[in-house]
Amino acid sequence: MEFGPHLLLATLEGAVGAAVLALTALGLSLVFGVMRVVNVAHGEFYMLGAVVAWFVASAMSAHPAFGFMAAVLIAPAMAGLVAILADRLVLKRLHYDPEATIVATIGILYIMQQTALMTFGPEARPVAPPFNTRIPLPWLEYGENGFNLFYPWGLSTTSYKLFVIAAAAVILVSFALFLSRSRFGLIMRATQLDRETALTFGIPVERVYSLVFGLGAALAAFAAVLIVPIQQAHYLMGADPLLLSFIVVIIGGLGSLRGTVVAALLIGMSDGIISVFFSPTLAKILATLLVALVLVFRPQGLYGKKRA
Amino acid sequence: MMLLETKLLTKIYGGLTAVEAVDFSLRQGLVHALIGPNGAGKSTFVGMVSGRTPATSGEVWFDGQNISAWPAHKRMRLGMAYTFQITAIYARLSLFENIALAQGMRDQDAALDALGRVGLDERLDQLAGDLSYGHQRLLEFAMGVAQSPRLLILDEPTQGLSESEIAGFNTLIRSLAGETTILLIEHNMDVVMSLADEVTVLQQGRVLSSGTPETVSADPLVQDAYLGRETC
Amino acid sequence: MSPSARSFLLHLGVIAGLFVLCFTLSDYHQGNLARIMVLATYAIGYNVLFGYTGLLSLGHAMFFAAGMYGLGLAMQYGGMSPVPAFAVGILTAAVLSVVVGVLALRTIGVAFMIVTLMFAQSVFLIILYFGTWTRGDEGFVIPQAARQVLGMDLTDPLIRYLAALLLFSSALLITARMMQVRFGRVLIAVRENEERTQMLGYDVFRHKFLAVLISGSISGAAGAAYGLLFGYVGATFASVQYSIFPLLWVLLGGAGTTIGPLVGAVFMFYLIDYSSGFTNAYMLIAGLALVLLVLFARAGIMGEVRRRWAPWLP
Ligand SMILES: Nc1ncnc2c1ncn2[C@@H]1O[C@H](COP(=O)(O)OP(=O)(O)O)[C@@H](O)[C@H]1O
Ligand SMILES: [Mg+2]
């Protein structure tokens, strides 16, 4: 393939990655923004989503679309419930102390990951996509007869990948509306701004925290359900999305949702594109170093506002 | 000789000017009281003197040196000591460790002397956090003394203390007068009148009046703005 | 007896006990304990920063790995003998500590934790990236023939045990002494109240920086020793898991106690060793232990002993 079509392909692959990353990172960012908790176990909620999706899909013998539909509903709910449980049993008792909660969520990470190893096993398992039509992509080329449209060999995507991008976009937009328009969104933003004042206004802060933690986990799980027909479920699959979400949340400005989405698109796209042309390891090295240096020199992130 | 001088010392927080162009000087050996209503900028001012709060602009001179760019710990080593308005002791360490750290861990006797001065030398092994509030304030004061500073900055040492405890503090401060130069922030006017050689009144970040206690309390500006209303 | 005399006796007793154990234990436990002593040295290094200075690093595996790869690469490609290679290992870790210290200490709290995590992740990825030399995940073996010091064979279990004991005792005695002198007491003061310490005239940054350097170098020494004594160098030792382990050992044994790192490493090692007998999900134990420790027992084992029975415990 030539450079142009190759780049288009890389961009599409990048867009799928970016879409899923935006959802995952949004969950992490939400939890950090409202609760000031750095959830190191976030990647495991993603993994949980994928694993539950596999269990649900393989329990259904009908058309893969039914399994997938069921997984879309059940997996995020499960992840949310587990997260609420973790919040009640652990984080709440730590009074959301930032350092202690990091250590605790590291523990939760291993508990979830190893439980998956014991129940789901060490193999990677696929989930069938609900639909998967190959869509060849056209390319414009300037030749003797002017522009000419043709379909280069190998340049194609699938209907499912386009669906992933669309589904993520829908969720992101609805989430933004939910945050700005709904009552719960308002309550969440109030809690984020000032916990004490929220308390004095009678907002049940602890319940809000539980729900936010659950919602964050559900977003990660939903992202995983979307990706699992493309990537397979595996008990160690949480590490990469965790790292990438961290990168996104920190570059996007801790706790800033808009920044998070912009950064997710940026990182997800460039990760996809860079990985096609260069070593993915090198891309990750640069990204992690970048995050570390952003935190060192610009603790408020590149996008977010400086906090007093 | 002037031990401490500030020139046009200014602190701006966001849009709020907490301390504005304060020129101040303090002669060696004197007790100088800094008074003014809450929020006048007293803590901010001594914070900039000690290096705890970075100044927005202006200069601090100590013992003839321009120390404006020095970090706090170097200023302390040059001969300042600073006691916090909000008690800041090592709550989980013993009294002895607290005072030894303050003294610099070179001279145990000097450290014990400082504790003896406030009458806490019987409780060396007790955790500082287990002391009563009054005793914690005393420990904080002793820590300042243990540094054997040339300039001792005391930010409302008697805040929250009972009458009798305040009287005890007065005696302590007086016992230092002469050997140590003291910059004292104080709300209690009786204390100020009886201890201070000089008084500076701050209001909204600016010097309203400065001089001997008598001239300052006679100053109509001060009477209007401060002494007239403030009773406690 | 004065507290410092007591603590001296305690440390001497621990070292003597470990020495005697070497002649009484079965081969299996002797091998385990040699490994544990090296890992406990790593934990001692970690404790300097976390337990005494109050800085929680999530990236100490980078120092352990720096020591290990410094030694391993020097032996493998530089043809160095173990002693200078060991020095190279420590030096590599020390240089890395300087860089990380200067950068990461600009941050505090959660940001410090994440910055160290990210730096360690970069080091891990760099090891993978240069797989041609480091052999990546697979790692490489340091041949038995190369692991000879002064005519002694470090692959001999007894000699290996004694070498591990020498490393551990040095780290224990050095740090125990350090915590009695001015420098160590100021580290504790920084942990307890940083601003207060600064306002007493101590250079807080300098103390924290030296703590990172000492902590990183001891961790690096442990990593180098691990490579040398057990003959294997691999990227696993740079992974997140190996940054979490010392935190776990120190939390379990008692942060800010001199023998807590050993106690924690012994307990955790045997717990994991025992559970890996019937499940491959042995890290579940580590996860549970972390959660339970932060929830219910922040002081750890020796911290609890100190609180209840022995306030003098160093
Ligand atoms: N860290 C800070 N950030 C923003 N404003 C501050 C800060 N510290 C003090 N201020 C403001 O500066 C002014 C002076 O405060 P302060 O020096 O504490 O007064 P005083 O000690 O005389 O009561 C007050 O209006 C206070 O709200
Ligand atoms: Mg004040």
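For all residues, glycine too, the Cβ spot is worked out from N, Cα and C.
Residues or ranges marked as transmembrane segment by TrEMBL: A:15-38 (among others).
Residues annotated as transmembrane segment in TrEMBL: A:45-62 (among others). Beyond the ends of the transmembrane segment (A:45-62), by six or more residues, the same chain brings 24, 27, 68, 70-71, 74-76, 78-79, 82-83, 112-113, 116, 120, 125, 127-128, 216-218, 220-225, 227-228, 231, 233-238, 241-242 to within a C-beta distance below 8 angstroms of the stretch.
Same-chain residues lying 6+ beyond the ends of the transmembrane segment (A:68-86) with a Cβ under 8 Å from its Cβ atoms: 41, 45, 48-50, 52-53, 56-57, 60, 108, 112, 127-130, 210-211, 213-222, 224-225, 228-229. Residues or ranges marked as transmembrane segment in TrEMBL: A:68-86 (among others).
Within its own chain, the transmembrane segment (A:160-179) is flanked in space by residues 12, 15-16, 19-20, 22-23, 26, 129-132, 135, 185, 188-189, 219, 222-223, 226-227, 229-230, 257, 261, which lie at least six positions past its ends and keep a Cβ under 8 Å from the stretch. According to TrEMBL, the feature transmembrane segment maps to A:160-179 (among others).
Panel annotation: around the transmembrane segment (A:208-230), residues 16, 19-21, 23-24, 26-28, 30-31, 34-35, 37, 39, 42-43, 45-50, 52-54, 68, 71-72, 75-84, 86-88, 91-92, 96, 126-130, 132, 160-161, 164, 167-168, 171, 175, 184, 187-188, 191, 198, 237, 241, 245 of the same chain, lying at least six beyond its termini, place a Cβ under 8 Å from a Cβ of the stretch. Per TrEMBL, the feature transmembrane segment maps to A:208-230 (among others).
Annotation source TrEMBL lists transmembrane segment at A:242-267 (among others).
Taken from TrEMBL, the feature transmembrane segment applies to A:273-297 (among others). Remote same-chain residues near the transmembrane segment (A:273-297) are listed as 6-7, 9-11, 13-14, 243-244, 246-247, 250-251, 267 (criterion: CB distance under 8 Å, separation of at least six residues from the stretch ends).
Sequence-distant contacts of the transmembrane segment (A:15-38) (same chain, at least 6 residues past either end, Cβ-Cβ under 8 Å): 45-46, 91, 96, 98, 101-102, 105, 161, 164-165, 167-169, 171-172, 175, 188, 191-192, 208-209, 212-213, 215-220, 222-224, 226-227, 230, 241, 244-246, 248-249, 252, 254-257, 260-261, 263-265, 267-269, 271-272.
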